[in-house]
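Below you'll find the structure, written out as structure tokens, and then a few comments.
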Amino acid sequence: MTTSSIRRQMKNIVNNYSEAEIKVREATSNDPWGPSSSLMTEIADLTYNVVAFSEIMSMVWKRLNDHGKNWRHVYKALTLLDYLIKTGSERVAQQCRENIFAIQTLKDFQYIDRDGKDQGINVREKSKQLVALLKDEERLKVERVQALKTKERMAQVATGVGSNQITFGRGSSQPNLSTSYSEQEYGKAGGSPASYHGSTSPRVSSELEQARPQTSGEEELQLQLALAMSREVAEQSSESVQTARGSKEERLRRGDDLRLQMALEESRRDTVKVPKKKEAKACCKPGSHSQQTTLLDLMDALPSSGPVTQKTEPWSAGASANQTNPWGGTVAPSNITDPWPSFGTKPAASVDPWGVPTTASTQSVPKNSDPWAASQQPASNAGKTTDAWGAAKPSSASGSFELFSNFNGTVKDDFSEFDNLRTSKKPAESGASVPPQDSRTTSPDLFESQSLTSASSKPSSARKTPESFLGPNAALVNLDSLVTKPAPPAQSLNPFLAPGAAAPAPVNPFQVNQPQPLTLNQLRGSPVLGSSASFGSGPGVETVAPMTSVAPHSSVGASGSSLTPLGPTAMNMVGSVGIPPSAAQSTGTTNPFLL
């Protein structure tokens, strides 16, 4: 510690200077080096405090008023004031403008040392620069912004240097001081250039100066800390690299395992599919005896279930062995009635009632397999066909099958459940409710119920008829007229009809307004149409009263005709007038209510 610094500290204690004043006195001391940047930064930060600002400015103005041998006080005060204007509070520049005359007077500062050197030139030049800056507001703003940015940047650098504990060389008891004074200036002032190290960036130099260790022990400590920190950083980086590499290798290994597993699964599926395709191709060859469909191939892949029991479902496709196909074709009996066979079984024979049997059968197929024709009784039982909708015929053999018969209760009727739902009456009662008619006559009305076979005449043929199956709706459909061939017309006993003409059907008295169309035989057998025309236009012809009367309640004759023959008087009138037989027939069936 020099003598000047000891004397300065003694004055600070005696005069009871504040902290801000002590710092200003330290920055503007008479020592042969310039103020440090860190000290000027602390003073600039104190300018934002009102109390410290007044103390700082009072001490600065006091230092500017020195003269003579204390020219360093003046020069350092101008340097500190320039720094405070650029980085301190704005009130510093305002107060400097107010007291600008004090700065302008320093342009005439004179001091010549004992060696004859003019030391006042530095003060004069500095005062001129400061006055020019205070007068130019735009320049002051630009300089202030730039200085603030530099201050912030240097503060960040100083923080980084302090945290990293970077050493910049061996320390010594003599601090490396930086100053803004050039060697030429100090040469003129008689200073030793070796004692002053000029620097273009005094702030960086001051930061480095503070970071340098002062003793050898501190230097060793900083070196050990730096080595430990560098080793820790290297280990962390190596661990992070190894961790990243290991995670990457793990991901690659997992991806390879997953792809390998997928490839194995795909190959296993291919090996399962290839034999199936080969079997399907072999089955589809022309010379193959066992042709299977793709659906059966898929069903073969399923595990085998137990033996399939026969179904009693009335609507199932398979039928029992004692049943015959009602549509004419004979089907070979089969134990398997499930349309979806189990695994490992051969496909059953086709039970399609509309197709031709594919399997070879020892039973001969009858030539006449028309399901709508009248049933015939062949010699052999194998070729029997049964008309499901035809008229009932006595069955002498047990091989015939009647769809609606009950077989005296031995076999359960397929439609008995539906018949029980429709009516609670017995089949005999429902059959008795239908009005009986002679089986030889044809029903004139399509909405009349069909005649039923008498139970007394055929006691052994107790069966279900379509009428009993349909119940009360039997009158809506004439099944015999739709399925069986019409019965041949009975011989007409009407003497007025032409030979070979068909017997006219009874006319409904409520439909007399509709003309009766002539048949083809009537058109062929009728005489010239002129007689009928003359009948309508001849003079003196009176309206012929009906010679017959409709008797709806009369018993029907054996011939099936419901018309009463004309008497002799009517025959004479017809002969005298010349009415043709067809006209006489239509006249004889006139409605008596329309006279």
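Placed from the backbone N, Cα and C atoms, the Cβ positions cover glycine too.
Within the list S192, S201, the entry that Swiss-Prot describes as phosphoserine is S192. In summary, of the candidate residues S173, S364, S468, the record from Swiss-Prot lists phosphoserine for S173, whereas the others have no such entry there. Checking R170, R203, R254 against Swiss-Prot, you find omega-N-methylarginine recorded for R170. Over the region '6 X 3 AA repeats of [DE]-P-W' (313-389), the average per-residue pLDDT in this prediction is 49.
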